[in-house]
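Working notes, structure below.
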Amino acid sequence: MLVNFVLVGFGAALGAMLRYGISVLVKSKWKTNFPFATFFINITGSFLLGFLVSSALGPVWQLFLGTGFMGGYTTFSTFKVESMELKWKTNYRVLFSYLGCTYVFGLIAAFLGLMLGV
């Protein structure tokens, strides 16, 4: 049981470090009101998690990569906070674009990941 916690913890740490690195890189390259870093992270995360779920990985890899790494990599809470910040700035065009694109492309990415992982 302890091994499972360690697997999830290490996976989450690696996923969070990758998320941070991507976020810093994207924010340094593109100065825009649209939160491209979180958008990119969550869309690629949706694809990768779909792929992992439908692949033939064993339970140890599912814990490490699926629960741990992808849990640390993707960020639902940042998505919501950034959405609220856009609302407070009354930047509704960007807000609704962000919400719509994240949900639509997230579903498409997850579907493609599921199909490719089979």
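Every residue gets a Cβ built from N, Cα and C, even glycine.
Feature annotations, reproduced from Swiss-Prot:
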TRANSMEM  5-25  transmembrane segment
TRANSMEM  34-54  transmembrane segment
TRANSMEM  56-76  transmembrane segment
BINDING   Gly71, Thr74  Na(+) binding site
TRANSMEM  98-118  transmembrane segment
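When each of the binding-site residues Gly71, Thr74 is scored by how many other Cβ atoms sit within 10 Å of its Cβ, Gly71 comes out lowest.
DSSP assigns Thr74 (Na(+) binding site) to coil, not to a helix or a strand.
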